[in-house]
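Under the heading active site, charge relay system, TrEMBL lists A:LYS75, A:SER150. Per TrEMBL, active site, acyl-ester intermediate is recorded for A:SER174. Look at TrEMBL and you will find A:24-444 tagged as domain 'Amidase'.
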Amino acid sequence: MRLNQLTVIEARAGLKAKKFSVVELATACLVQIKAVDKKLHAFLTLNDRILDQAKKLDQSGDDGRPLWGIPFAIKDNFLTEGLRTTASAKVLDNFVPQYSATVYKKLIEAGALCLGKTNMDAWAHGSSTETSDYGSTLNPWNTKYLPGGSSGGSAAAVAADMCLFGIGSETAGSVRQPAAWCGVTGFKPTYGRVSRYGVVAMASSTDSPGPLTKTVADAALITKIIAGHDVYDATTSPRPVEINPNSLQGENLKGKIIALPKEYLIGEASGLILEAVKVFESAGAQVKPVTLMDPQFTIAVYTIIQRCEVSSNLARYDGIRFGHDRSSFSYEAKNRSLLGAFSLSTGYFDQYYKKAQQVRTMIIDEFDRLFKQFDFYLAPISPGPALPLGASKTSAMFGELQDVLVEPSSIAGLTGLSVPCGIISGLPIGLQITGAQFDEQKILQVGHWYQQQTKWHLEKPKL
Amino acid sequence: MKVNVLHLAKLVNMPLKPGESEKLQAGFDSTLKAVDELKKLPTAKTKSTFQVTKLQNVWREDIPQPERGFTQKQALSQAKKTYQGYFLVPRVIDDEA
């Protein structure tokens, strides 16, 4: 096994035992990036100082920080001081931030090393990475297919072992869906559990940063580090972080009551989800079918809320203090800004924005009732595997349609995992394990347990 | 519902390229038709949700946070046009009174 193929936990153990140096570990990732990224296009900007930074760590010695010496990739909508940040949008083509996002700062303070910035849908507007102003990332399992999005670059980088872990962000599925399509683990913490400070805003009322990793155990470790209250983001929760990556073991599924929403079993992925359900049942869990609101309604709610918030967030880009002027916006940003402005305008506000926010309350209430009776729910992440290149151009609502099965959880601010649970026609499928707000530890324990029972997360694309 | 795309583009200051307004128009028509599905749900007595974790009235002390302040040099470092230590902005006021 090459060093770049290690999990975070394995690499930390190897560094601690001095089996290899930080320079060797970072070099293994850089060699892999050089070998495969010309084909996959996961990275937009590389950190050309990483080997110097690695050397410095080697010289000062392992100080026991949880991510000491671990190379990672981060989505290009996280501000990184001194390292170009574009959010895959030409408007920000020349933007070098003067400060860093809280998530990035916490990772660096924990000893991690940034390899570079990963490709995404421009402004995160999409679920394919195909709307990037710099061209699409390709799926490592089959380069004729999309990696998913919007965090497609980070997902492909993890799947192709170009890094030990990746960071993404999701508004509705943008961590979990590319994780599913690229066959890696993706975790969406509760809204407000991880700070949005310094993340290029998409829809501020649902944006949630999260990790893309090779295992659930790694996802727990990373989330523990990036989670927590942030004085610079008033929407972060003051609740203590109850994630303990050291106590994931020993989950007992006996007696757990799991919901299986009937409306979510659509598409060709559902067969593999039912196979996964059997794994839970054989461990003594009770899996009961439930009826939830038709996800078609959540598509409508999400579409309105997202476009309204986009329209407000993109209004700030004028090319005066940073970036280029508004003539650099590409099509999808115009599409969303204009429709958002329309939905918020006098005479239409009640009909669209207010209505969507009311239905949002109905969705939240429905989940509150569900989690009074059930520990969590299982479903596909996406109705099927990755779609072929070009698919995102077929519909004005492509992203919403692909994320239909994760949108309800995002609208309600829940926490959820995507874990690999099978392969269809050579492309991976993701299982959704979703729980109530702030139930991160429970969901991570269950996901870790699932990865102890199955080997799907160990499957790798042939590059 | 007919959306006036050109008027909206002017309001949100989004310059359109040739052919984009027609494509946007078609996309809006299909999107608004899809979101009109929500009319089927009764919401007359339902409150709106703006903050999903139910936080409210989050305040902080009105004091400077120097650790995240920029020096003038840093603030200007990304600007295309500056003048004597200030941002240079496009003229928005006409000469005529």
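Here the Cβ of each residue, glycine as well, is placed from N, Cα and C on the backbone.
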Three-state secondary structure, which DSSP defines for A:SER150 (active site, charge relay system): coil
Averaged pLDDT, computed only over the residues in the domain 'Amidase' (A:24-444): 96
Pairwise Cα distance for A:LYS75 (active site, charge relay system)/A:SER150 (active site, charge relay system) [Å, integer]: 9
CB within-chain contacts under 8 A for A:SER174 (active site, acyl-ester intermediate), separation at least 6: A:MET120, A:ASP121, A:ALA124, A:SER127, A:GLY149, A:SER150, A:SER151, A:GLY168, A:ASP403
Candidates A:LYS75, A:SER150: member of the active-site residues with the richest Cβ shell (10 Å): A:SER150
The residue listed as 'active site, acyl-ester intermediate': secondary structure state under DSSP, collapsed to three categories: coil
